[in-house]
Amino acid sequence: IRCFITPDITSKDCPNGHVCYTKTWCDAFCSIRGKRVDLGCAATCPTVKTGVDIQCCSTDDCDPFPTRKRP
C-alpha cells in the first residue's frame, strides 16, 4: 500500500498489512492556521484520543492532505 507521509506529503510504500491514516488536532494556533495534520501508515489504526480526529483507510494514496474549510 502507498500512503502520504508528513512532513513532505509525499506518497511512499508502506509494509504489507499496514493502513494509511490522517490524524488532525488543534493546538494553540488552531484558530489562525487550522488543525495540525499528521499523515502516515501504521500496522493498525491509531487509538483515538480526546480532541484528536483519526481516519484510516486501506487503498493506495487514500490519505491526502485535508483541505481547510473557508468561512
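Positions of Cβ are set from backbone N, Cα and C atoms, glycine also.
Values in this document were obtained by computation on a predicted structure and should not be read as measured data.
In sequence order, Ser11, Lys12, Cys14, His18, Cys20, Tyr21, Leu39, Gly40, Cys41, Asp61, Cys62, Asp63 constitute the residues six or more apart from Cys3 (disulfide bond) in its chain with CB-CB distances below 8 Å. Following the DSSP three-state reduction, the secondary structure of Cys3 (disulfide bond) is strand. Taken from Swiss-Prot, the feature disulfide bond applies to Cys3-Cys20 (among others).
Look at Cys14 (disulfide bond): DSSP puts it in coil. Annotated disulfide bond per Swiss-Prot: Cys14-Cys41 (among others), in sequence order, evidence recorded as experimental evidence.
Summarising the annotation, Swiss-Prot assigns disulfide bond to Cys26-Cys30 (among others) and lists experimental evidence as the type of evidence. For Cys26 (disulfide bond), the count of additional Cβ atoms within 10 Å of its Cβ stands at 14 [all protein chains shown]. In three-state terms derived from DSSP, Cys26 (disulfide bond) belongs to neither a helical nor a strand segment and is classed as coil.
Annotation source Swiss-Prot lists disulfide bond at Cys45-Cys56 (among others). DSSP assigns Cys45 (disulfide bond) to coil, not to a helix or a strand. Long-range Cβ contacts of Cys45 (disulfide bond) within its own chain (separation 6+, distance under 8 Å): Val19, Tyr21, Ile54, Cys56.
Secondary structure at Cys62 (disulfide bond), taken from DSSP and collapsed to helix, strand or coil, is coil. What Swiss-Prot records for Cys57-Cys62 (among others) is disulfide bond.
Sequence-distant neighbours of Cys57 (disulfide bond) (same chain, 6+ residues apart, CB-CB distance under 8 A): Val19, Cys20, Tyr21, Asp63. Using a 10 Å Cβ-Cβ cutoff, Cys41 (disulfide bond) registers 20 neighbours.
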